[in-house]
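Engineer: Questions regarding the structure given below will be posed in turn.
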Amino acid sequence: MQKAIRLNDGHVVTLGLLAQKDGTRKGYLSKRSADNPKWQTKWFALLQNLLFYFESDSSPRPSGLYLLEGSICKRAPSPKRGTSSKESGEKQQHYFTVNFSNDSQKTLELRTEDAKDCDEWVAAIARASYKILATEHEALMQKYLHLLQVVETEKTVAKQLRQQLEDGEVEIERLKTEVTITNLIKDNDRIQSSNKAGSADDEDSDIKKIKKVQSFLRGWLCRRKWKNIIQDYIRSPHADSMRKRNQVVFSMLEAEAEYVQQLHILVNNFLRPLRMAASSKKPPITHDDVSSIFLNSETIMFLHQIFYQGLKARISSWPTLVLADLFDILLPMLNIYQEFVRNHQYSLQILAHCKQNRDFDKLLKQYEAKPDCEERTLETFLTYPMFQIPRYILTLHELLAHTPHEHVERNSLDYAKSKLEELSRIMHDEVSETENIRKNLAIERMITEGCEILLDTSQTFVRQGSLMQMSLSEKSKSSRGRLGSLSTKKEGERQCFLFSKHLIICTRGSGGKLHLTKNGVISLIDCTLLDEPENLDDEAKGAGPEIEHLEFKIGVEPKDSLPFTVILVASTRQEKAAWTSDIIQCVDNIRCNGLMMNAFEENSKVTVPQMIKSDASLYCDDVDIRFSKTMNSCKVLQIRYASVERLLERLTDLRFLSIDFLNTFLHSYRVFTNAMVVLDKLINIYRKPMSAIPARSLELLFSSSHNAKLLYGDAPKSPRASRKFSSPPPLAIGTSSPSRRRKLSLNIPIITGGKALELASLGCSSDSYANIHSPISPFGKTTLDTGKLCMASSLPKTPEEIDVPATIPEKPGELSASRKHSSDVLKEESEDDQNHSDEDNTEVSPVKSPPTPKSFLNRTITEFPFFNYNNGILMTTCRDLVDNNRSTLSATSAFAIATAGANEGPSNKEVFRRMSLANTGFSSDQRNIDKEFVIRRAATNRVLNVLRHWVTKHTQDFDTDDTLKYRVICFLEEVMHDPDLLTQERKAAANIIRTLTLEETTEQHSMLEEVILMTEGVKTEPFENHPALEIAEQLTLLDHLVFKSIPYEEFFGQGWMKAEKYERTPYIMKTTKHFNHVSNFIASEIIRNEDISARASAIEKWVAVADICRCLHNYNAVLEITSSINRSAIFRLKKTWLKVSKQTKSLLDKLQKLVSSDGRFKNLRESLRNCDPPCVPYLGMYLTDLVFIEEGTPNYTEDGLVNFSKMRMISHIIREIRQFQQTTYKIDPQPKVIQYLLDESFMLDEESLYESSLLIEPKLPT
């Protein structure tokens, strides 16, 4: 039997009492159970899920207990009423039941008399489940946790809002301050009127202002957030790279548009009209010449029109720019450019030839006068395509610099750059080779009367400059006093152009055009330089201070007119030395070439031209040298690439010396070697003269029994004979005609250009053979030494001669002793070696001149009057030598006579012996010794010639290097102690030493440091106290002194663009700093004026200063002033510009057009060509040209050869720069004005200038 569940009675009683006291529901109810069907009234108390019932509400113990957990309480219907009276007398009852989940437990039935009370009990019992309470508790806990999270979030948001409010309050305060300030400035009148209105109106306006500020703040916050986003991207490296890349593309579009326009002018203004002219009845030009001049020009124009349209299409899709496919289109067409490049030199030659036709020249001038050409010549337009490919290369360099490595166009752009660089190297060589032709044609166009001799494409331009020409009467006046007034100087000023064959003397017209003077075209073969350096000290005592040591005379003896003398005066010693050196070298080259082409020894069939032609190293490319197809002034192919050793060999080759090669070498040797190497080479040539001539040429020179033609074969044909329109010509040398070759006799290397001191001073007599029997000139006498000399035969070199090092001897006299020792050795051995054959004489050491035979001892110099002597200078009738076809006088004999006339060492017997060598039948050994003598003299003259050019034109090399200066002086002193030295050679060496040791006075040329020192202690005066003329003059003086101080070696290697630019190019950086200082100074001077009228007056005055600078040819100052006025800080001052006069604005536009960078500064270049020095050009123009050359081609080829074509182009630019540097202004420094121009006390930087401009004229609200 199941036991009953035991309960703790005490605990139940306690709960019952608690239910009686704190129960949820209490009251009397009637209950009925299954055990007792009668209704019993009990007092019930509900405590949680326990239902207690008591007998009465005062019973101490409960009668029973029901556990309500899991039960169901609900209303029950009333039972059917009985018919008994007892039931009918009862009141209506309300029933409800409690059903338990356990089926064994019976339902509890309860009733109450009140329906409301019944519903409340049902509801209370229904809620008395612990499970329901636990569920509600869980739900409440979830709500509680959620509310806690919400509270925390709200706290964070509240904190952020409070921070934003604080920031907003600060910003509001700042904006209120700004708004207040703005309103005070702009709305002062309106604020005052609003203050007079009523309080109601004030309240409305304040509300409107608040709303406006609120709206402004909301918009400002949005804009600020968006601005931050934009600024973050703008400052990113990617955005910066893309921005620079876009700028490169936009610049490329502008340059391409300009280039297409240039090609359009070339085709429409020249090509097509000339085609029509060639089809006329009397054509001024043939169709073949038109095709040769304009080969592929029209095709190139069409190609670039397509390229330009494609580039515009790419720009229209900005910011997405895809360019690689454009260059892919261009690359297959490069063969068209290559044909144009190869034809470029030929086209200019054909053009120069056609311009000799007056009808064509007149027609061409009409075409060039069209407005579209803008005063540019046809040669200029033909050169534009040569610069386009290098411009593409620079653009591709910049694009690749700003293109990421992972960019899709990177590989394509790299490939395009490599292909264009290959063509660019060819183009640079062509431009270098044709520059001389274009220069000659440009000068010819500047001469109003024309100058046909400049249309000779074989002429080489050497130098130009402004010299003063004096007549003989003015010369005599100048020796008694000053030269004269400024007007007299201006009238005597001449613009001189030196070419390899002619000297052109012109005057400058008002429009910049040149006019030939009387006898202004001088053939150099008729000239003799009459400068006498040895008499300078005596002349200086009587000459005026203005022309002291600065004048030089040129004696001219034309063949078809009377002789005359030209007296020219340079502005400085250095300029005079440069002019005389170049004139001497040009005269020497042209005379010696003339002598070379004529007969001197009929007994020999070997000639110097044949000797040059037989030397394949002069025209055939080799591993260490490559040639162009252009010839230099000595009719030898120009060097394109060469090793350093081959360049030094060309410098010391005794057979010729081209003036253009010498100038280029001396300008650029620092790039590939140093001064000590050059000096060692010259010393070695002096000590070993035979090493200056190639062995094969020596063999030919000393060979008299072999036919050179049979030995070496025919020379190649002329390059022009096989020239085609679009193919490069073969490398070849022109030949002489058979009849001329038959007349040629044995010549010597000195006659081909190496003799620069004696033969350079030869004069050409206007008479012919009548001069042969003329007496000696009475102007000077020559004393001839009658000392005896021993005849010696040629022997191989002794070991002492072979191993002589090319260094300066430590002891005085060692050099001359070494040379004398070789002669003594030969003299002693000659008696035992009389039977040596000619084959043993291929290399001979320098020996002394052989003695004169006794049969000539009693003859006098008057029997040989073929040469004249004038003041100690030999005056030979070289034209008679050139024109005489039957002359039997050898070049060796002629040279011997010439040198003997100027030398006090050899006797007259030696002179007569040398003249008769050609006809007296002496042995070959004696003839070879005669040639050795000439070669030795040629070597000495070559060394002195190069040193003279080096010292006179490049003095800074010796001023900055004391060791080099000391070595040269020691070497020259040793040369002067040589007993075999001729008088003219000794004088030349003495002049070089005097030039090295002479300290130039700087009284007439104020240096920049001295000018700055003059301003110390000077009080700065305001701008209004200085006239515009004084400012312009002093600014020009400062600009010229800064520009003049730049040494030309700084122009090599782009040092101004390197990281160490201040160390490598300090003077170029100083010039740049000065330019920026003046530009900032002018802008600051304009901005500092608070009054509008004062600012307008300052602008007008500075424009007037710029115009005066233009008249002074100071184009650098013009650009300084115009660039400062065009700054944004000044250009935006619209109210100020309204006060500026129209005339000033028109003048400013004219000046800006003059110095504009359009077309590579074409207007500025034209002005520089049409002006006479002194002049200050814009340095940036030349630096741009140099960068263009440096970027286009390297200094060395892949084989390690020096790019000499590049050096030649850079040398030509430096030559133009030095032309402007050497001519100085005659302006006296004024310390007050200079102190004002150098004052930096009130200067502002770019940012401060713009801020001051905004204060003057604030930006208008948008």
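Just so it is clear, glycine is given a Cβ too, placed from its N, Cα and C backbone atoms.
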Engineer: Could you check Swiss-Prot and say which of SER292, SER604, SER704, SER745 is marked as phosphoserine?
Structural biologist: SER745
Engineer: For the domain 'PH 1' (22-130), DSSP counts of helix, strand and coil?
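Structural biologist: Helix, strand, coil within the domain 'PH 1' (22-130): 19 helix, 41 strand, 49 coil.
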Engineer: Counting Cβ atoms within 10 Å of each candidate's own Cβ, which of the modified residues SER71, SER617 comes out highest?
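Structural biologist: Within the set of modified residues, the most crowded position is SER71.
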Engineer: Taking the Cβ of SER581 (phosphoserine) as centre, how many other Cβ atoms lie within 10 Å?
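Structural biologist: So the number of other Cβ atoms within 10 Å of SER581 (phosphoserine) is 24.
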Engineer: Mean pLDDT for the domain 'PH 1' (22-130), rounded to an integer?
Structural biologist: 79
Engineer: What is the separation, in Å, between the Cα atoms of SER617 (phosphoserine) and SER71 (phosphoserine)?
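Structural biologist: Roughly 129 Å, rounded to the nearest whole number.
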Engineer: To the nearest whole angstrom, state the Cα distance for the pair SER71 (phosphoserine) and SER581 (phosphoserine).
Structural biologist: 135
Engineer: Please count the residues of the domain 'IQ' (208-233) that DSSP assigns to helix (H, G, I), strand (E, B) and coil.
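Structural biologist: Helix, strand, coil within the domain 'IQ' (208-233): 26 helix, 0 strand, 0 coil.
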Engineer: For SER581 (phosphoserine), what is the secondary structure by DSSP, using just helix, strand and coil?
Structural biologist: helix
